[in-house]
Structures are given as C-alpha cells and as structure tokens.
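Record features, source Swiss-Prot:
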BINDING   His16, Asp158, Gln159, Lys160, Arg226, Phe227, Asp235, Arg241, Lys242, Ala258, Lys262  ATP binding site
BINDING   Asp18  Mg(2+) binding site
BINDING   Glu44  K(+) binding site
BINDING   Glu57, Gln98, Asp235, Lys266  L-methionine binding site
REGION    98-108  region 'Flexible loop'
Amino acid sequence: MKKFTYFTSEFVSPGHPDKISDQISDAILDACLKDDPNSRVACEVFCTTGLVVVGGEITTSTYIDVQDIVRKKIDEIGYRPGMGFDSNCGTLSCIHAQSPDIAMGVDIGGAGDQGIMFGGAVRETEELMPLALVLSREILVKLTNMMKSNEIEWARPDQKSQVTLAYDENGKVDHVDSIVVSVQHDEDTTHDEIEKIVIEKVVKPVLEKYNLSSDNIKYYINPTGRFVIGGPHGDTGVTGRKIIVDTYGGYFKHGGGAFSGKDPSKVDRSAAYAARWVAKNIVAAELADKCEIQLSYAIGVPKPVSVKVDTFGTSKVDEDKISEAVSKVFDLSPRGIEKALELREGNFKYQDLAAFGHIGRTDIDTPWERLNKVDELKKAIEL
C-alpha cells in the first residue's frame, strides 16, 4: 500500500477584504510612481462596512487623488450597492511624509529596512512553482473571470480556495486529495446549484489543464452551506495579511514582510522578487530541481548582509559552487535589484500583482520571472 504525505495551499480572490486593501495600497503606489518614479511610499489600507481608511508615509512630487483611486478600485473588483460594501463608502486619508531618518539611509542606496526575504523555485509546473499554490490560484482566476463576465450570475467577489496534494515516497505529486472552494453568492441560489457549477465548470477544467484526475477527490464547496454576507461587510480587511497567498502557498519559507503599498526601496518587496529571480534561474539552469534563496539586509547598508542557497539535496553540483556563482552573476544591492527588475519603470502595475499573486505569474511579464541568467550561471560554474 502506498504511503503518502500531504501538502496544502490556499488562495483568495481580489474581492477578499485583505486583497481589497492590498490592491488599493498598490494602486496608490502605482499612481505615485507613474508621475514620480522616485516616490517613497509605505501605504496601508483598512476596509470595513461603509469605510476605507488609507494611512502611511508618502513622499512624492506628484498629486494623487486618494478617494478617486479607492472608489475606482472597488468598482473594478466588482462590489455593487446591496452587497454591504461598494464605492459609495466613506474614505478617510491619513498620509504623511517619510521619516527623514529613514530617507537618509535610502538616499545613499541602502536598504529601506532590515529584514530577511525568501524566494524559491521547484520543478512541479512549467513556471517552476509549487503545484498546490498554482491550482488554488487557477481555480479563483477562472471563478473570478466567470463572475465578471456574468457566466456565473450568482457569484460575488469574495472567494477562497484550498488544494491538498498527496505526495509519494519519492516526493513527487501522486494525486489531488481534496479541494475547498468558498464563494460568496446571492440570496436565491441553492447550495446544490453552487456545488455543481463550481465543480463542473470551474474546478474540473483547471484539473484537466494540468492533466490531473478529478476522480476520488474530496470536495468541500461552501462547506458552511451559506456565504451571502462577505467582503468587508463580513470581515475587516487590512493590507499585508495574505503574504503566503502572495508568494508560494507555504511551500517555501517567508520572511514575514508584506509587499503591497511599498515602493521598491523596501527590500521586503524588492528582495523577495530578487530571491525568486535567483532561485528560478538556478532551477532552470538545471543546477537543482528545487531551490530556496534567503537574503538579509540592514537598514542603510547597500549590500545584503547574507545570501543563503538551499537546494534540499536536489543540486547537481556542490551548493557552495552555486552560492559563488550567485554572487558573481546577480547584483543583489537594493539599487541593483531595482534596476535589473525594472521596479520603477512602470512596465507592469503593482496593483495587478496584488490581485492574483506576485510570484509565478504567466499572464504578466514580470522581470523576476525571466530566465535571463541561466547561461551566466552555467558559465560561472563552468558547466
């Protein structure tokens, strides 16, 4: 009899209260960077029934209309009158300038704060991401798109998913064990109808895309039986509370720092992107099948305090050689990261990353997903 171990990841939709906050924070960041690429932004959002509070520290030469940004984003996500939360809500702005004590360290190219950041890659999907996270995300991408196109008319914006995979004794995915989907809905739709549509029209097509069997899966669709009250009317939302959803679904470690609302001088964001970039190129170069990078920084210091490579026993060459190659190939200073990953260029919108995840995106050309260092890594290791 086969022995299995189990691993689970979850995901939440753009209409989840915490994700509303993340997207508003990043929409404000995008607005600042659009007209002033050197803006310093640390923006936090709190949303609840009938109210959005925007706070933080912003130093910029441009003007941003906070209320307009908030209302447009709520409309875009899909909240309408009658849902307990919509763009007619009150908006309170409590923003002031960045502390000069922080600015003096960042101005010379140093990190905006101390901290540890992680990034990883694993050979489970084409984009070298953990499969459980990818499946959880794909389910909600499909469900959200079907809601917005009115293909599923009863669905509302607040949605969650969770996928459990069974791994064999060799650490390979054997099958999907269980799937949880909770979707906010209108008053009139029955639980049986919701369950049928979610399984047949949303989940099964996603599984087919990845050549996974839908047989014998344990499904939990709206397991409480009712999910009418949702969004910020059901739960308060705050920026930065979905950091595992934003990254690897718990498959790799996380340093604890959130991304949204932070300009690229904040290494919580920029260095986490860089760690993914490094790890993905290592795996793509076939130096390992699985890789996790840890970076650490000190406030005001231009270079990382430490760089750690962990290949979990899957490396094809000595880990020390990989570490040496990383130090030769990648400039992991805050300014080096900003330049290499085009973090102030405006080629992508941070608010789009806040909606469906910052890592492993295939629908957006994010520089940290590019495999542009594979040959240099191989050359550095003399393969």
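Every residue, even glycine, has its Cβ placed from backbone N, Cα and C.
As the structure is a computational prediction, the values presented were derived from the model and not from experiment.
Of all the binding-site residues listed here (Glu44, Glu57, Lys266), Glu44 has the Cα closest to the Cα of Arg226 (ATP binding site). Counting only same-chain residues six or more apart in sequence, the Cβ atoms lying under 8 angstroms from the Cβ of Gln159 (ATP binding site) belong to Val12, Ser13, Gly15, His16, Leu140, Leu143, Thr144, Met147, Val181, Ser182, Val183, Gln184. Calculated from their C-alpha atoms, the gap between Glu57 (L-methionine binding site) and the residue listed as 'Mg(2+) binding site' amounts to 20 Å. Of the recorded residues, Lys266 (L-methionine binding site) and Lys242 (ATP binding site) place their C-alpha atoms 18 Å from one another. Fewest Cβ neighbours within 10 Å among the binding-site residues Asp18, Glu44, Glu57: that distinction goes to Glu57. When the binding-site residues Arg226, Lys242, Lys262, Lys266 are compared by the number of other CB atoms within 10 angstroms of each CB, Arg226 has the fewest. Closest to the residue listed as 'K(+) binding site' in space, going by CA atoms and restricting to the binding-site residues Asp235, Lys242, Lys262, is Lys262. Lys242 (ATP binding site) carries neither a helix nor a strand DSSP state and counts as coil. It is 7 Å from the Cα atom of Asp18 (Mg(2+) binding site) to that of Lys242 (ATP binding site).
Close to Asp235 (ATP binding site) in the fold, though at least 6 residues off in sequence, lie Pro17, each with a CB less than 8 Å from its CB. Across the annotated binding residues for ATP (His16, Asp158, Gln159, Lys160, Arg226, Phe227, Asp235, Arg241, Lys242, Ala258, Lys262), the two most widely spaced Cα atoms sit 36 Å apart.
Look at Asp18 (Mg(2+) binding site): DSSP puts it in a helix.
Within 10 Å of the C-beta of His16 (ATP binding site) there are 26 other C-beta atoms, taking all protein chains into account.
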